[in-house]
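Going by Swiss-Prot, these are the annotated features:
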type	residues	note
DOMAIN	96-227	domain 'Fe2OG dioxygenase'
BINDING	ASN103, TYR105, ARG218, SER220	2-oxoglutarate binding site
BINDING	HIS114, ASP116, HIS182	Fe cation binding site
Amino acid sequence: MEEQDARVPALEPFRVEQAPPLIYYVPDFISKEEEEYLLRQVFNAPKPKWTQLSGRKLQNWGGLPHPRGMVPERLPPWLQRYVDKVSDLSLFGGLPANHVLVNQYLPGEGIMPHEDGPLYYPTVSTISLGSHTVLDFYEPRQPDDDVPMEQPRPPQRPITSLLVEPRSLLVLRGTAYTRLLHGISATRVDELDATSLPPNATACKSALPGAHLVRGTRVSLTIRRVPRVLRASLLLSK
């Protein structure tokens, strides 16, 4: 078994059963006061730090990941504290996380199914702030020779979905990271099935059968490790 597929001893009580391996969901990883503090810091960041994308906007901290290596930038103390807290769980092969992507999603915004790619150590950890969301997991699309290219394909259905509440920590490793795609639908209300709740429902206070969960503004701190790091002088010389 490869190292990235190994279970995390510190998080075993929070492993999500009945879900692709390996997914850990930790409710109330931070306190309400910490959540409020982090939201203040995020929204007090200088305007040039924000990048507007279709369906969300983001801040990049720690450097810009690059195939030739990332030129590291010092994380601000308000972020470093939580990067250290996540790194202490030994998620990144015994090395510390060094990169944080801050995403803001307004109600009705989401992100298409995607994979995080080879620039990162194959583990992703996310602290959620402000609002819940539902994270959907998908099998990668396979070429279908029977469907003409010009014919639209039916919408892909997720193989499973997790309810992600504010102040939680979500960790994806193994198959959940390396093979599956994950995304967030662009909706304002998440309706929970009355007969089939998300596999992490027992850890979510709002996961009630038939619940209609109205999304607010959500901020996520996606904490990862970029293995390949360069000094600025080396990058500029290439």
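Cβ coordinates come from backbone N, Cα and C, glycine included.
The structure, with features from Swiss-Prot marked on it.
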residue : record                      : Cβ contacts under 8 Å, 6 or more apart
ASN103  : 2-oxoglutarate binding site : ARG56, LYS57, LEU58, ILE111, VAL219, SER220, THR222
TYR105  : 2-oxoglutarate binding site : GLY55, ARG56, ILE111, SER131, THR133, ILE184, ARG215, THR217, ARG218, VAL219, SER220
HIS114  : Fe cation binding site      : LEU181, HIS182, GLY183
ASP116  : Fe cation binding site      : VAL124, TYR177, ARG224
Check your understanding: If H, G and I count as helix, E and B as strand, and all else as coil, what does DSSP give for ASN103 (2-oxoglutarate binding site)?
Key -> strand
Practice item. Compute the centroid of the Cβ atoms of HIS114, ASP116, HIS182, then list the same-chain residues not in that set whose Cβ lies within 8 Å of it, in sequence order, for the Fe cation site. Key: PRO113, GLU115, GLY117, VAL124, LEU181, GLY183
**Study point:** Shell of the 2-oxoglutarate site beyond ASN103, TYR105, ARG218, SER220, same chain only (C-beta within 8 angstroms of their C-beta centre)
**Key:** ARG56, GLN104, SER128, LEU129, GLY130, THR133, ILE184, VAL219
Check your understanding: So what's the mean pLDDT when you look at the domain 'Fe2OG dioxygenase' (96-227)?
Key -> 92
**Study point:** Site extent for 2-oxoglutarate (largest Cα pair distance over ASN103, TYR105, ARG218, SER220, Å)
**Key:** 8
**Study point:** Summary of DSSP states over the domain 'Fe2OG dioxygenase' (96-227), given as helix, strand and coil counts
**Key:** 8 helix, 49 strand, 75 coil
Exercise for review: Count the other Cβ atoms sitting within 10 Å of the Cβ of SER220 (2-oxoglutarate binding site), across every protein chain shown.
Suggested key: 25
Practice item. Let me know how many other Cβ atoms fall within 10 Å of the Cβ of HIS182 (Fe cation binding site). Key: 21
